[in-house]
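S.K.: Can you read through this structure? Questions will come right after.
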Amino acid sequence: MADALAKLIGLGSGPMLQEEPRKPLSEPLDALGETAESATEAASEFATWVASGSREALIALGLAVAMTVILWFARWGLIRLMRHLPRNDDYSLSAIFNRIVRRFRIYFMLATALLITDRIMELPQTISTFSHVLFVITATLQAAELLQEAAISSIRRQAIRNPQDASTLASAVNLIKWFINVVIWSFALLLILDNVGADVTTLIAGLGIGGIAIGLAAQGMFRDLFSSLSIVLDKPFQVGDTVRYRDTWGDIEDIGLKTTRIRSKSGEQIIISNTNLLEEEIHNMRRMNRRRIETQFGVIFQTPPKVAEAIPGMVAELVKGVQGVSFDRCSMAAFGPSSLDYELVFYSLNPDFNRSMAARSNVLLALFRKFKEEGVEFAYPTQTLYVSGVENVPEGRFEAKTSEDALVVEGPLDAGTDKS
């Protein structure tokens, strides 16, 4: 890992970056102690070298100081530039970038300046070796700090940009921040230990086993947590949306870390696990631009064919005259048991449920009035009964002549009954 990082930053193969025998896992503190001793030795040698008053030492010192000052002024200039960019709040992109720039630390600038000085001049071997290792360590710490700031700021920006999700993110942000810190700084620590010569292979394996054990023990909590974040970030629905989940129909009241609360149309509050909620198909009614309404009606079979043929055009003209709706189609659908069945489809231009039901009512009432005016009769369930073998039976009660036809009909015969 150290060799790869050295090649990435163009350091060549410095003495400390050559392949060395790794120290076992039980000695990471010893490796850090040896690195600290090497740092002390290098600092002492550098001080002695500078104190010697040699021209090369003074040039190296001046160059290192100059590079540090240049880097510091570059940071200062970027911060000044950020002040002139538009900033709506503390978590706009310019504000986040400003905080990231402010996170550049002096220790990283010093290590970078010392490394550049070593690249320009040939410093003593101990100082040159230490400058390489110091840069890798400080660059790791600096990168971890910048990643931490960028990740946390992005999450807080999400909360600011979506007030309806702020309560959920506010509850989760501390836990999320803790997870981010653990991941980033664990990786940084492993990288540093690897660069100071400690064998981290066994440590990584141990962390992996420990992570699996923790994950299995708390998998339910983690599933609900990540489901909650998925809802907040992906936004399949938001607080206030009207949704249908299985047989549940209602408005989203709250999205929590573990559960989502839905106020059903019948009034009760339904609490559903976030994990279970995302595993099912959810219909979000809030995001409709218009609501499709489909209804059926029937007219009696005695309706003249010309009138039956004219009904779709009559209904189309009627629906187009109703405010707040858009006509789609009307056609004869089937011959029903006791009616000629028609199907009417139109759209309510306002997707709100109550407004759509009001529009549906307006259309149906207008249709009822129109048919009354035109003399078109709506059909209703009827049944014509034909009775045979009945004679000389007083009105009101009719009996069959044989036991096989033992049918008794109460009440007067309807029109169309055959008395033969």
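Counting starts with 1 at the first residue shown.
Quick reminder: no glycine exception, Cβ is built from N, Cα and C everywhere.
Worth saying up front: this structure is predicted, and the values here are computed from it rather than measured.
Pulled these from TrEMBL:
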TRANSMEM  57-78  transmembrane segment
TRANSMEM  104-121  transmembrane segment
TRANSMEM  168-192  transmembrane segment
DOMAIN    179-219  domain 'Mechanosensitive ion channel transmembrane helices 2/3'
TRANSMEM  198-218  transmembrane segment
DOMAIN    221-287  domain 'Mechanosensitive ion channel MscS'
S.K.: Go through the chain and flag residues at least 6 beyond the ends of the transmembrane segment (57-78) whose CB is under 8 A from any CB in it; none is fine as an answer.
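M.R.: Residues packing against the transmembrane segment (57-78) from afar: 49-50, 101-102, 104, 106, 109-110, 112-114, 116-117, 120-121, 123.
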S.K.: Taking DSSP states H, G and I as helix and E and B as strand, how many residues of the domain 'Mechanosensitive ion channel MscS' (221-287) are helix, strand and coil?
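M.R.: Computed counts for the domain 'Mechanosensitive ion channel MscS' (221-287) are 22 helix, 26 strand, 19 coil.
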S.K.: Limited to the domain 'Mechanosensitive ion channel MscS' (221-287), I'd like the whole-number average of pLDDT.
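M.R.: Average per-residue pLDDT within the domain 'Mechanosensitive ion channel MscS' (221-287): 83.
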